[in-house]
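Over in Swiss-Prot, the protein carries these features:
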type	residues	note
ACT_SITE	174	active site, proton acceptor
ACT_SITE	293	active site, proton acceptor
BINDING	122, 172, 176, 294, 326, 378	substrate binding site
BINDING	200, 202, 203	Mg(2+) binding site
MOD_RES	200	N6-carboxylysine
SITE	333	site 'Transition state stabilizer'
């Protein structure tokens with residue numbers, strides 16, 4: 001027997017009904033296996049928060065705008081997302097934290113791509129909402145165990161480099177575009193020879209007419225090997241393998257491996273999570289470290305009421321795979337409140353992180369022994385920032401000075417030496433029990449007395465400050 005769209009069958013009534021009748025379940029207790037999400041929801045005028053939260057749960061899981069008879073062909077209660085709690089956002093009008101629980105069966109194993117497609121893929125354009133932001137997610141251990149995670153992790157990287165007890169030092173080669181491959185390699189050599197551990201391609205240097213990737217790789221690795229031989233330290237350069245296609249990306253990665261590169265680089269947001277996960281698995285299989293740049297992140301995470309918070313993007317990267325990830329500086333030119341920044345830094349590198357609203361962490365996260373990601377502090381930092389950077393980030397971080405190395409009045413190598421001396425002075429002072437937060441400037445001045453390179457850097461950048469209030473606050 002055929003039925004029209006308006007006829008009633010057993011258990012089915014066609015038409016449109018409020019989302020909250022099905023997807024708002026305040027009595028629900030989340031399971032240990034649920035993926036949990038916290039959304040900041042701004043409803044349109046006249047839309048109750050319960051309806052808005054339920055709409056988010058519905059449109060990011062099993063729901064659509066009208067009742068469909070095929071709901072009868074599945075167990076909707078088993079598969080639907082549930083808005084189980086709603087809280088007003090403190091200090092904000094008509095904004096609510098809506099907490100949604102998703103059954104684990106909604107997501108493909110080991111796929112950040114699928115997880116994000118479900119949770120944020122469609123609902124952000126929903127007309128009933130003025131704005132929507134994904135603030136945090138809780139990934140259950142049962143789902144985490146389907147991901148490889150970082151190719152190597154912090155401890156394996158330290159063992160590969162034979163460097164312990166201090167942050168690593170890096171430098172982004174500037175100008176980021178326009179140098180020939182040979183001159184680029186020269187800058188790499190000078191910075192590594194001066195005392196840095198790493199140098200780096202910038203995010204947008206791929207394979208342009210002025211510098212094709214193969215030429216850059218060859219000149220750079222010649223510089224790396226020469227600096228290693230002269231200093232006796234293991235050195236590296238982040239060779240950017242981001243490419244127009246995955247096939248080309250792997251071609252570049254294979255060539256980097258052939259010429260002895262210990263580390264390569266990838267722009268994970270612009271290239272996509274599928275490409276990144278594939279590259280991370282290749283890096284583990286081939287013993288290559290993977291540096292991750294977050295180019296394009298601020299397009300997604302900068303607005304306070306719409307988008308995806310970087311702590312979510314950082315969690316997704318740890319699952320997808322990367323050994324380093326840019327994470328802001330707190331003290332440099334880029335956005336970064338200290339409490340919030342350290343919240344997602346801990347989520348990158350610690351094994352277990354308790355919920356802490358003061359740091360923007362809405363859920364306790366157990367990483368189930370997944371290797372950690374080393375945060376990279378980069379953007380407008382120089383020698384005067386060194387004490388604060390060491391005090392804030394501790395040992396397991398990469399402190400990356402681009403202009404703060406290459407902008408030294410005496411050149412690249414003295415700039416690198418100034419940073420290395422400043423770092424070693426801060427580590428020694430800390431290990432002797434001195435307070436870097438209170439005595440930082442004095443520690444740098446003392447070291448500058450016997451290091452002319454550091455003294456010149458201190459004089460050049462003594463007046464440089466970036467005093468803007470962060471946008472990303474609680």
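Keep in mind that glycine also has a Cβ here, set from the backbone N, Cα and C atoms.
Shown here: features listed in Swiss-Prot, placed on the structure.
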{"residue": "122", "record": "substrate binding site", "DSSP class": "coil"}
{"residue": "172", "record": "substrate binding site", "DSSP class": "strand"}
{"residue": "200", "record": "Mg(2+) binding site", "DSSP class": "strand"}
{"residue": "293", "record": "active site, proton acceptor", "DSSP class": "strand"}
{"residue": "326", "record": "substrate binding site", "DSSP class": "strand"}
{"residue": "378", "record": "substrate binding site", "DSSP class": "strand"}
Quiz item: Cβ-Cβ under 8 Å from residue 122 (substrate binding site), same chain, 6 or more residues apart: which ones?
Solution: 59, 60
Quiz item: Taking Cα-Cα distance, which of the recorded positions 174, 200, 202, 203 are within 10 Å of residue 294 (substrate binding site)?
Solution: 203
Self-check item: Pairwise Cα distance for residue 200 (Mg(2+) binding site)/residue 174 (active site, proton acceptor) [Å, integer]
Solution: 10
Exercise. Measure between the Cα atoms of every pair in 122, 172, 176, 294, 326, 378, the residues the record assigns to substrate, and report the largest value in Å, rounded to a whole number.
Key: 36
Exercise. Round to a whole number and give the Cα-to-Cα distance in Å for the pair residue 203 (Mg(2+) binding site) and residue 174 (active site, proton acceptor).
Key: 12
Quiz item: If you count Cβ atoms within 10 Å of each one, which of the recorded positions 174, 293, 326 comes out on top?
Solution: 293
Self-check item: Number of other Cβ atoms within 10 Å of the Cβ of residue 203 (Mg(2+) binding site) across all protein chains
Solution: 20
Exercise. Could you check the binding-site residues 176, 200, 294 and say which one's CB has the fewest neighbouring CB atoms inside 10 Å?
Key: 176
Exercise. Using the recorded Mg(2+) site (200, 202, 203) as reference, state which further residues of the same chain have their Cβ within 8 Å of the centre of those residues' Cβ atoms, listed in sequence order.
Key: 172, 173, 176, 201, 204, 205, 238, 240, 265, 293
